[in-house]
Amino acid sequence: MSDSDSDDYLVEQPQLAPDDPMRAYVPLSFGKTSKEANIAAQIERARRQVETPAAPKKADRKKDDDSDNDSDDDDDSDDDSEDESDRFPVSHEMILKTHERAVTSVSLDPAGGRLLTGSLDGTVKLHDFSAMTPTTLRAFRSVDPWESKKSSATTDSHPIQRAEFCPTSGSQFLCVTAHPQAKIMSRDGDILTEFVKGDMYLRDMNNTKGHVGEITTGTWHPSDPNLCVTAGSDSTLRIWDVNNKRSQKEVIVFKSKAAGSAGRTRMTSVVWGASAQGSNPVLVAAALDGSLVMYSGNGPFTRPAAEIREAHKPDTWTGGIDISADGRMVVTRGGDGLIKLWDTRKFKEPLVKVEHPSTSDRFPMTNIRYSPDSRSIITGSASGHLHILNPGNLRPEHVTPITPGIPLIVVEWHPKLNQIITGSANAETRVLFNPEKSFRGAVEVMSRAPKKRHIDDDPSLTMDQSLGLSADSIITPGAAVSKPKGKRGVPGGGSGTRGPQVQQITPFMRSQPDEKHISENIPLSKMLHEDPREALLKYAEVAKKDPMFTKAWKETQPVTQYADVSEGEEDGPDKKRVKR
C-alpha cells in the first residue's frame, strides 16, 4: 500500500471527555515511564492544618461597604496570625510514632543528625535523619538500658526520666532512668559507663559513693564533656566524671529546712549553665519542698551561693527549669500551676510570674526551655498546645495546638536546625520546622523521594533492634522451623530421599556444651557412662602383677594361709546359749 492510499484511512481513537476518570488509565506515550517525586507537593503535605477560630457573625449588615470592610478586617487578622506563625518554625511538622507509651525525653546531637527519644515504656529510640524518607519514618535502633539478655525472664525495665546528648560531643549521651544508677551510652546505644550505687545503710550522704535512691533527672556540664550532674530522691546532687564510674567526683547534700522533713527532700530538677559574668558556670536546682538553690558551677559546693525557700508551693513537683544563654535569667515551671522568672544576680524574689496549668502530677518530666538565642521560652501544656512565651513578661507570643486534648510533656529547640521537637502523652514525637527558616533535619527528610515499600525497609519486621541481629538467626525455643526438603547434602534440592533429622539448635542449647566438647576437654569425663564395678575389676590382673601401692612389700609379704574346712564344719561351731 502506497503512502497516498494510507491517507484515505483514519485511525479510530477513544473519544473521552476532558474530565473523564478513564483518562488516568489511558497511556499518553509508549515505553516505560518514570515517575518523579513532586518535592514541593510533598513538603506542602507536611504543612500543619491549624484550625483558626471563626470570626463572630454580625446579625445585621446594612450596607455592602460595611461587609467589605469587615472582610478586610478578617483578612488582616488572618495575615497577622500567619505572620506570627512565620516568626517561629512551626508551619510544618514531621510525626514519628515509634514508642508505645508517653514520650518523656527528646534530644538532638550538636550536629543535628541524630535524634533520641525516651519513653515510659523503658526504651530509648535512636533516629537518623540521613536514613529516613517520608515513607520510612522509624527508628533504626531501640535500646533498653537495663535489658542484659532478651531471653532473660527476670530483666527489669525502668521508665526513662531523662536522655540528653552531650552539648559539646555528640558521641555519647546521658541516660537517667527510675533507678539509682545513671548510664553513659554511645550514640549507637551501647553502654559506655554505669555509675555505682551508694550504700543505702549509711546515714551521712557525704560518705556514700553514689545515689541511694531513685534518680529524678540529670544534665551535662555546659563546656566540659567529661562532667555531668544527677539529682536524686536522696536529697543530693552528684557530679560525675564519665571516666570514673566507681565514685562521684563531688556530692552536694541539700539540707531541707521544711518542718518534719528531717533535713531531707527530693531534688526534682537541675540545670547547669553559663554564669552572667561569663567565667564560672552556675548550677541551679529545685527541690520538692519548694526550695530553689544555686551553686557556683565549679565549686566549692559546701554551701549554696543563694537559696530561696518556698520558691514554689511545697510538696509540688517543679520539673521544669532552664537558664538563659547569658546566665542571667532562670525560668521555672512548678507543680503549683505557675511559671516564674528569676534573676541570678538578685536571687530573692521572682521578677515575673504567670499562671500555667501543670502536668507534673502525672508526668514529672514536664520541662520548659529557652530558645537558642534566649529571645523566647517554649513549653507544653495539659491541653496539648505549644506555648511560645516572651522572656521578659512571660506572655504568650504564639500558641499552636500540637496534640489537642493530650498533654504535651517535653519540648526542645535545636540551635543549628532551628527546629522544635515535642513529645506527647500519646507516644508521638513531632518535629516542627519551617522550610524557609529551618535547615537540614526534617527538611531534608521531607525533601527526599519516597522509597518503594519493601519488607526489608522495616527493621522491626526483619531485625532484632535491641541486638542488631537478623530475625532469621533468632530461633524461639520449641518453635517449629520449616526447612525445604531435598536430597542429602543438597540444601533445597529437588525431590529425593529425606536426610537425617538435624536436632534443632535453640538459644538454650547454644549456651550448653555438647558431648564432644566435654569428652575432649574435660578429663575423666568418659567415666560418667561406665559401671564403676567393671571399671575397677578390669585393673585387677594388672594390679596383681604390678602393684602400684604395695610394691615395696612384694618380696617380704607373707603368703596368706587359709584353714581347710570339712563339709560338716561349714556351718561353724554351735552358738552358745544366751543366759537370761
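Sequential numbering from 1, following the chain as shown.
Glycine too: its Cβ is placed from the backbone N, Cα and C atoms.
TrEMBL lists 1-10 (among others) with the feature compositional bias 'Acidic residues'.
The feature compositional bias 'Acidic residues' is assigned by TrEMBL to 66-85 (among others).
If you look up TrEMBL, you'll see 1-93 (among others) marked as region 'Disordered'.
Annotated region 'Disordered' per TrEMBL: 478-516 (among others), in sequence order.
The annotation region 'Disordered' is assigned in TrEMBL to 555-580 (among others).
Under the heading repeat 'WD', TrEMBL lists 96-137 (among others). Long-range contacts of the repeat 'WD' (96-137) within the same chain, counting only residues at least 6 positions beyond its ends with a Cβ under 8 Å from a Cβ of the stretch, are 42, 143-146, 157-170, 173, 175, 177, 185, 187-189, 363, 365, 409-412, 414, 416-417, 419, 421-431, 440-442, 444-446, 448-451, 453, 457-458.
According to TrEMBL, the feature repeat 'WD' maps to 208-250 (among others). Per-residue pLDDT, averaged over the repeat 'WD' (208-250), rounds to 93.
Residues 269-271, 273-278, 281-282, 284-286, 290, 292, 294, 306, 308, 311-313, 351-358, 360-361, 366-370, 372-374, 377, 379, 389, 391, 394 of the same chain sit 6 or more residues outside the repeat 'WD' (321-345) yet have a Cβ under 8 Å from a Cβ within it. Residues or ranges marked as repeat 'WD' by TrEMBL: 321-345 (among others).
Packing against the repeat 'WD' (208-250) from elsewhere in the chain are residues 161-162, 164, 166-169, 172, 174, 176-182, 184, 192-200, 202, 256, 263-274, 281, 283, 285, 287, 297, 299, 301, 319, 364-365: each is 6 or more residues past its ends and has a CB under 8 Å from a CB in it. Summarised by DSSP class, the composition of the repeat 'WD' (96-137) is 3 helix, 18 strand, 21 coil.
Helix first, then strand, then coil: DSSP counts for the repeat 'WD' (321-345) stand at 0 helix, 14 strand, 11 coil. Here the repeat 'WD' (208-250) has, by DSSP, the following mix of helix, strand and coil residues: 0 helix, 20 strand, 23 coil.
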